[in-house]
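According to Swiss-Prot, the protein carries these features:
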BINDING   88, 119  anthranilate 1 binding site
BINDING   88, 91-92, 96, 98-101, 116-124, 128  5-phospho-alpha-D-ribose 1-diphosphate binding site
BINDING   100, 233  Mg(2+) 1 binding site
BINDING   174  anthranilate 2 binding site
BINDING   232, 233  Mg(2+) 2 binding site
């Protein structure tokens, strides 16, 4: 769309009115094609933020991003097995270990098909991609190879900038604004593998139910949107607020560590460090040699993923399966297999 054709949509926004899903998709399509002036982009993002984005607007922005993404070739088993993503928005302000990334290895080793969509760090010193790079896993592997990894190993990692090139047009504006915008919640919603199941952590409790409603609008089959006592994941140090999407309905409830069959820990016990240090922590957990707090934090998140996939009938049973999978060494073996496949492609 040209500058003149988007002006009526901007006028609606600047009057404090909401856009439809289709109108928002048109605006974001213009943005990611590099056809939006930076001043206009800043005005649009701030108008949305100040009024508060609607479910339709978040869904429309996600529609545009998904449509423009580099395609992901589905593996043949995709026809019968659903894919899950274990992902957080980041930006929760805590520098924890890489819980969701480590949980992805555990869930995959336990039988889930995990396509994890990740980026570099938002709130910690080490994001999903920072950690994987430490293990020699190629972040820019082709979509075809990623699909083969998902098929043969039950796991692949999709590096967001590799699939969503158009986001680069928003970087200068986002950096200049120095405040959260719609982009802070879009990342988890635009996985190019289009997972049927999602465990999605958000940085604010106010986002839990709205983001569940967005996933519902986007056609996600089953999901848990969680905020865990300050963290964008299931909490070991306190209660977790949940909005679960199941059979087209959203149910809201809270979970505590006792619901998973594990003891509560202090948030300080989950503090992470630089990528190299976090890689060592992840390796220890996957080898069955992690601290109780580290191991349990990973297991309760993997347990929720296994519950969502239908591999366990409760989050407690899922956690037990995750702990047994860690103990078996299968998750660490999977890490080595993925690193090996990745290194072979780089030679």
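Note that the numbers count up from 1, one per residue, in the order the chain is shown.
Quick reminder: no glycine exception, Cβ is built from N, Cα and C everywhere.
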Spatially closest candidate among 100, 117, 119, 174, the listed binding-site residues, to residue 233 (Mg(2+) 1 binding site) (Cα to Cα): 100
Local Cβ density at residue 119 (anthranilate 1 binding site) - other Cβ atoms counted within 10 Å: 19
For residue 232 (Mg(2+) 2 binding site), the one of 88, 96, 119, 174 that lies nearest, given that the binding-site residues are compared by Cα: 88
Candidate nearest residue 88 (anthranilate 1 binding site) in space, where candidates are the binding-site residues 96, 100, 174 and distance is Cα-Cα: 100
Integer Cα-Cα distance in angstrom, residue 100 (5-phospho-alpha-D-ribose 1-diphosphate binding site) to residue 119 (anthranilate 1 binding site): 12
Densest Cβ neighbourhood among 96, 100 (binding-site residues), 10 Å radius: 100
Assigned conformation of residue 117 (5-phospho-alpha-D-ribose 1-diphosphate binding site) - DSSP reduced to three states: strand
Rounded distance in angstrom between the Cα atoms of residue 119 (anthranilate 1 binding site) and residue 96 (5-phospho-alpha-D-ribose 1-diphosphate binding site): 16
Distance [Cα-Cα, Å, rounded] between residue 117 (5-phospho-alpha-D-ribose 1-diphosphate binding site) and residue 174 (anthranilate 2 binding site): 21
Residues that sit under 8 angstroms from the residue listed as 'anthranilate 2 binding site' by C-beta distance, when 6+ apart in the chain: 45, 181, 183
Cβ neighbour count (within 10 Å, all chains shown) around residue 117 (5-phospho-alpha-D-ribose 1-diphosphate binding site): 26
Neighbour tally for residue 233 (Mg(2+) 1 binding site), based on other Cβ positions within 10 Å of its Cβ: 28
